[in-house]
Amino acid sequence: MVGRFTSPFSPWYKLEEEEEQWTTPQQQQPQTNKQHQTKSRNGADDKPFMVDMKEMSGYDKNLYLYSEEMADRPRVSMMINSLANYNATIPSAEESDSKPTKPKANLGTLMGVYLPCIQNIFGVILFIRMPWIVGTAGGVLAFTIVFMCCCTTFLTGISMSAIATNGVVPAGGSYFMISRSLGPEFGGAVGILFYIATTVAASMYIIGAIEILLTYMAPVMSIFGDFTKDPSIMYNNFRVYGTILLWIMCTIVSIGVAFVSKFAALALACVILSIIAILVGIIFNIGGTEKLQMCILGARLLSQVSNCTKDPDGPLWAIYCNKNNTLAENITDCDPYFRDHSVSERPAIVGLASGHFTSNLGSHFMSSGHIVADTDNPDDYESLNNPTYNQVIVDITTSFVVLVGIFFPSCTGIMAGSNRSGDLADAQKSIPVGTLAAIVTTSIVYLVYLLLFAGSYDILLMRDKFGQSVGGRLAIAAISWPNEWVILVGSLLSTIGAGMQSLTGAPRLMQAIAKDGIIPFLAPFSVSSARGEPLRALLMTGCICQISILIGNLDYIAPILSMFFLMCYGFVNLACALQTLLRTPNWRPRFKYYHWSLSFVGLSLCITVMFMTSWYYALLAMLIAGIIYKYIEFRGAEKEWGDGIRGLALSAARYSLLRLEEGPPHTKNWRPQILILVKLTKDLVPKYKKLFTFASQLKAGKGLTMAVSVIDGEYSKSYGESHAAKQSLRRAMNEERVKGFVDTLISKNITEGISHIIQTCGLGGMKPNTVILGWPYGWRHSPDERSWRVFLDTVRNVSAAKMALLVPKGINFYPDSMSKVSGTIDIWWIVHDGGLLMLLPFLLRQHKVWKNCKMRIFTVAQLEDNSIQMKKDLKTFLYHLRIEAEVDVVELMDSDIQTYTYERTLMMEQRTQMLKELRLNRKEKLNIVQAIVDHHHPTGEHSASKVRFKEGDGAADSDAEAETVSCRSGASEDTEKKSKNESFKKLLTIKPDEANVRRMHTAVKLNEVIVNKSHNSQLVIINLPGPPKTSRPESESNYMEFLEVLTEGLERVLMVRGGGREVITIYS
């Protein structure tokens, strides 16, 4: 080992009995560590000898090699805390400056997602239409309707969970998710559709509440007469009372959301209690009950009467035997159907034990004006232009598709959890679990209750929509326990609460769309009141809701509502499918249980249900979405079309390029567009074909790659060589299955040629943003500095162009595309480079070669850093990025510069000085280096040591990667060698530059730590230090030596230098 320095000058050191051993890279990994550790334990090596480092920080001591980088690229310890705790909320323009940020609610999965979704999914349809749907469609088709609608929302929930966990999703539900996934055009169209759907939902809830109030609770409030005799009277009541209730609710909402939030808890409690009361009532009445009887004339269902007989003094005789206000005395003068059929009573609630379940499985679809009858005989259900008296009449033509449209709104509300993402403690965990659990829970409740209803009710009662046969009682309320008022009051309050939730959410969604500025004419609705309420948007919402209320019939409003929700859900599925198939780098959902095929099935179901429900409503919704899309896309701009298929393709390409030219891509859309700078052999074939392999693995078959070579010469004389080189590059691209283009450039100066390529390669927005540059393995062998000068000038040019740079070292050891590796990919994160070090291994792991590798991220901490907090913050940051990796913070303890470091620096500077002063051939230079090494080791016999850098098979090439320096034992007796040593004695008095010593100290210490931690890893990724700002050959040669020391003992290294912009984000 190297001993203690007594002076920085000659005699400048003494050798101990042992000498360090230099081995091949495969052997060096464990030994280098051991040697450095031994040096650190040597007391002499741990004392400073030329640099006073007591007043320096840990970064000045241990990371000086990256000092120039840290001037504009902050070190990780400074950035990681702010990155991990970045505020994900998006405040409004008014709030951002004037109001402090509200503390986060930190809601869990139950309170933040599950229960709000339960409240929004369970709605008015369950209480006032579910038994009617079962009775009309029958048990089998009703089950099919409910199951199909629930499958649609479940598959949409899977897609939504993937999108919602692909970063932080602010409030705004589907609008923010779609607009941030598919762009503002789709986002704006879906946002408006979602706004309309939410507004129409408010009107449906209001009409439902009025129906419960007037029909089942207080029929005396009718202001247009007896609505049981004329359905139009009922709907006019709905319109009047609905308008009054709408504006009362708008007034409450305009005052503030505090009351709405408190009322929501009451509404949720009412929903849960009502569902429990229904289940208990079904169990309690399992054997049926005689308390509720229906009067039936022949097969026709009658409205409730006090005496269900044909007695002349009874109410039925007064109804059916009354002609010209005169009661008939003989039954032959009564209504023919009354005369020919008997009257009977039967219980409305038969109970599960009655065995009616199988008889209630068949469908009974009817047309408007038909009579509710127990048979399929037209004589029973058709009035044949005769008076219907008190018989129960069908008010709407029913079919399977109509019932699908009416029921589907009861499956909506799945966005409630994602809308609250800003208040969740762990949104990426709570949203998928809570949403899918709520969908599964409500689906099970719907399906189970559907079957229970089919077995508990008489079929005629279920087909009686408004309960006229039992005195205007709600069927679900009639079976509940302990009293029907539990259901009536609970359903009324829950429906009003759902309506207020819609009137609260819709204006805020409109305001969010207006603030985004994608639809200019909505700008006035971005204004808030002094209390922060969107009053203008609320007024607009009230007007649209008023139009829906004027429809009056819930059964006509529900299909319209279904259209807009299905459009939104369809776009959610489309966004998930496209993101998955396009494999965008930012698509990294933490929710893993999704697949593009499931999203396409969900999309297909949405479209199917839309057209099944109403093809003209479906086309209208699509037309509205298309108009909004085109308006946002063009805003009046004209598109010029060519002729024929080729003209269309050219026009599309032109349009896409112009769109890409509008500005730099958003961080979430950044992906590596690769430019490979390929070095050719004398035969004009790529020297390192593994560069193409690496590019193919990095792109995972997606994106664009350009491979370019520079040929030394004149274009007019070297055109043939250029063409041959292009063909060679194309063959290499095809062999490695790389999608892209190839080109060559002939230049008299290689550096200038590469500079021109970097500046001009690409077209418009399709310019490369990432350069792959091969390592100059033979730079030590080169007769002049051009070998490293081309490399360093390229690094400078790439940095000036704000492009990312990848330098794979040991490229011939990289795996080919047919093999599979397993192990770890280690990232050594020294300085913040925009997240490129995080993104690259993620992209590599998308390829089958690296798929089985795990990621490990190491960062360096000094004594002044809180390494425990750094590790915690780094884990939080990776969690937000949806990247799974092991995290380790390596503490670089303060230590003095070792003698080994000083010796290595001195030898480097002596070699540089010799090559500067003399123009010698390669053999002479090796002799000089040999002489210096012998002078440094003047002791007796010792074994030879070698430093070998081997890459590939080209060991005999002039640019081969093998360099061997043999250190022979003992002092040479050769007089010629002694004379040469005498001529360069002055080189031995060189004092190393302090900055170089500190940079070498960084390289040695980092290499020691990296080899210790990552010697078994499949790939090591590390920040590439910035090149020297000066172009002096000495500085450039030293820089290359620092990089060699930094990567010693590592088989595969990828040195990365970011382009000066963020390339990864926590957002969706």
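Using the three backbone atoms N, Cα and C, a Cβ is placed for every residue, glycine included.
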When TrEMBL marks a stretch as transmembrane segment, which of 392-416, 517-541 is it?
392-416
Which residues of the chain, 6 or more past the ends of the transmembrane segment (265-284), have a CB below 8 A from one of its CBs?
115-116, 118-119, 122, 127, 352, 445, 449, 452, 456, 476, 479-482, 486-487, 489-491, 493-494, 496-498
What same-chain residues lie close to the transmembrane segment (189-217): Cβ under 8 Å, and 6 or more beyond its ends?
123-125, 127-128, 172-175, 178-179, 227, 234, 237-238, 241-242, 245-246, 249, 409, 412, 466-467, 472-474, 477, 488, 491-492, 495-496, 498-499, 502-503, 505-506, 509-510, 512-513, 519, 541, 544-546, 548-549, 551-554, 557-558, 560-561, 564-565, 567-568, 571, 621, 624-626, 628-629, 632
Go through the chain and flag residues at least 6 beyond the ends of the transmembrane segment (140-169) whose CB is under 8 A from any CB in it; none is fine as an answer.
88, 133-134, 176-177, 180-181, 361-363, 400, 403-404, 407-408, 410-412, 414-415, 418, 421, 427-428, 431-432, 435-436, 439-440, 442-443, 446-447, 450-451, 454, 566, 569, 572-573, 575-577, 579-580, 586-591, 593-594, 598-599, 601-602, 605-606, 609, 668, 880, 882, 1065-1068
According to DSSP, how is the domain 'SLC12A transporter C-terminal' (691-805) divided among helix, strand and coil residues?
55 helix, 22 strand, 38 coil
